[in-house]
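Novice: Sharing the features that TrEMBL gives for it:
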type	residues	note
REGION	1-99	region 'Disordered'
COMPBIAS	21-32	compositional bias 'Gly residues'
COMPBIAS	36-60	compositional bias 'Basic and acidic residues'
COMPBIAS	65-74	compositional bias 'Gly residues'
REGION	371-485	region 'Disordered'
COMPBIAS	372-382	compositional bias 'Gly residues'
COMPBIAS	409-424	compositional bias 'Basic and acidic residues'
DOMAIN	421-456	domain 'EF-hand'
COMPBIAS	454-479	compositional bias 'Gly residues'
REGION	544-573	region 'Disordered'
COMPBIAS	551-561	compositional bias 'Polar residues'
Amino acid sequence: MDLNKDGQLTFEEMAPSFPGGRPGPGRPGGMGPNRSEQKLAKKFDADKNGFLDSAERQEALKAVQGGGRPGGSPGRRPRGGQAQGGTPGPKVSPGDVKNYPKAGLYDPAVLRTVFIEFDTETWEDEMAKFKNTDVEMPATLTVDGRKYPMVGIKFRGQSSFGHIPAGSKRSLNLSMDFINRDQRLYGYKTINLLNCNGDASFLSSILYSHLAADYLPVPKANMMKVVINGESWGVYSNVQQYNKDFLKEFYGTTTGARWKVPGSPQADGGLRFLGEDIAPYRQRFEIKSKDKDKSWKALINLCKVLNETPAKDLPEAIEPILNVDGVLRFLAIDVAVVNSDGYWTRASDYSIYLNPDGVFHILPHDMNEAFRGGGRPGGGLPGGPPPQFDAPGGGRGPDSPPPHPIEAAIDRNRDGELSRDEIKNITQALTALDRNKNGQIDPEELRPQFEFGPTGGGFGRPGRRGGFGRPGGGGGHGGPTLDPLVGLDSERMPLRSKLLAVPQYRARYLQLLRTIAEKSLTHKNLSPVIARYRELIADEVKNDTRKTSSDDAFTNATAPLNENEAPTPGSLNDFIEQRRSFLLKHGEIKK
């Protein structure tokens with residue numbers, strides 16, 4: 001366990017091993033975003049046709065490490081209202097739905113139906129067990145009357161999978177080019193269908209994309225209805241993939257390096273400088289393009305310049321390698337819509353693009369936890385660790401990342417040391433992390449668990465229904481009163497703490513926030529979008545037996561303005577009104 005042979009054990013060394021091994025220099029592994037998935041597809045493809053048929057999958061299932069996640073695992077209780085679902089939905093056939101062959105894939109005016117046909121009725125259990133492998137389930141898609149054979153399908157996401165029990169809606173990733181490399185669905189090779197877990201309105205990604213599109217490249221989004229093996233699974237958010245298709249559409253090229261910064265258990269993907277070794281960066285950033293040392297070294301240089309250059313010298317040093325105005329737009333939108341999975345709180349869940357000219361761009365990635373009130377359901381903490389992780393006597397500084405869950409479990413008194421009693425109870429403490437009782441500690445269980453309580457679909461203090469809670473609680477609590485200057489002293493978030501320490505960048509950031517509040521975060525801009533989608537999907541939501549929230553929560557969240565132009569408390573329109581008002585009255589913004 002003493003990997004560095006220094007005669008003592010760090011918490012990192014005491015962490016258990018997982019599939020893919022520990023991260024090492026120049027290679028993926030461990031629990032970082034580049035950890036290796038279990039490779040089974042080629043090994044069990046007996047007939048070498050590029051996919052696993054039913055018989056081959058049965059053999060592959062025997063080799064899944066740890067047995068895979070059982071399809072019937074209880075998961076965790078979803079947010080966004082009383083959980084429903086898990087019962088068979090209405091039967092639907094292609095002849096029952098409207099076709100839209102002339103509409104684009106992300107056309108906001110249509111609700112397109114995608115039919116998925118698997119070769120087995122046990123598809124859900126198999127896909128759950130194959131989640132952390134390279135096995136994709138082959139299926140035939142039917143969309144607008146046209147069949148698309150041999151599409152590869154997997155469950156996607158962490159919390160959108162790990163928190164949802166079998167039988168309820170879980171997010172899907174569809175590879176149109178699974179076997180036929182040229183196969184596309186209306187020009188796109190990858191389809192992301194999100195279950196909108198925790199978003200009773202179903203509209204967070206759509207509203208974020210709609211608002212942000214006026215300021216920077218952002219994934220497109222609309223709604224889709226999904227039918228699997230003839231049974232309706234309800235509506236999903238259809239969100240554009242960040243891939244070469246995205247680059248071509250927004251930058252006119254498919255070249256350059258791409259990274260995804262996934263939700264991090266350490267809330268530490270904010271571009272801190274971690275030294276010249278590539279290994280710690282691999283633990284935080286998932287490279288999506290060809291893995292080249294040259295790309296990593298450019299990223300490391302960005303981190304070094306960003307973190308180690310004095311504020312007075314930063315513009316001259318950083319502007320040749322970073323699209324600073326684009327970053328300021330990203331930061332302003334992130335805070336304006338209070339993205340609970342955002343950079344301001346988690347220092348993760350965004351995308352990085354290094355263009356062929358050597359300039360970095362920062363882009364939105366996870367948009368499904370915006371436009372909502374207090375609490376941080378995605379995890380993380382603006383400027384430091386959560387209250388329950390505070391160490392007595394200053395064991396953790398206010399700017400430290402949250403501790404690893406293993407550290408939190410075994411160091412019960414948070415003093416940074418292990419007492420005899422704590423060592424004696426290590427086994428019991430680690431067993432407690434296995435929340436779904438499947439005999440292993442999976443990536444989702446290694447995320448910090450923040451005890452905010454259910455929001456009940458309203459915007460009150462965590463654990464209460466309705467209302468926005470007391471004013472002034474926003475600085476570290478999200479919601480309409482989130483301080484737009486949050487995180488300015490956080491080492492975890494140098495895009496905020498370092499860039500906004502430069503006077504002209506801070507002024508530009510505040511100017512952008514004012515523009516967003518005045519022109520974009522308005523009922524004129526967003527209320528028609530809410531109303532249009534409410535009408536488009538309301539009947540489908542009502543008939544959706546697999547959704548993770550209630551009918552009442554959807555109705556309240558999408559409620560229109562009343563005859564006096566006043567919003568329903570706790571609705572999207574309520575958030576828009578209160579957030580806009582707060583920003584425009586903020587002392588730094590209205591100067």
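Counting begins at 1 with the first residue displayed.
In case you wondered, yes, glycine gets a Cβ from its N, Cα and C as well.
As the structure is a computational prediction, the values presented were derived from the model and not from experiment.
Walk me through where these features lie, including what they touch and how far apart they are.
Specialist: The average pLDDT computed for the domain 'EF-hand' (421-456) is 59.
According to DSSP, the compositional bias 'Polar residues' (551-561) comprises 7 helix, 0 strand, 4 coil.
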Novice: Using DSSP, how many residues in the compositional bias 'Basic and acidic residues' (36-60) fall into helix, strand and coil?
Specialist: 11 helix, 1 strand, 13 coil
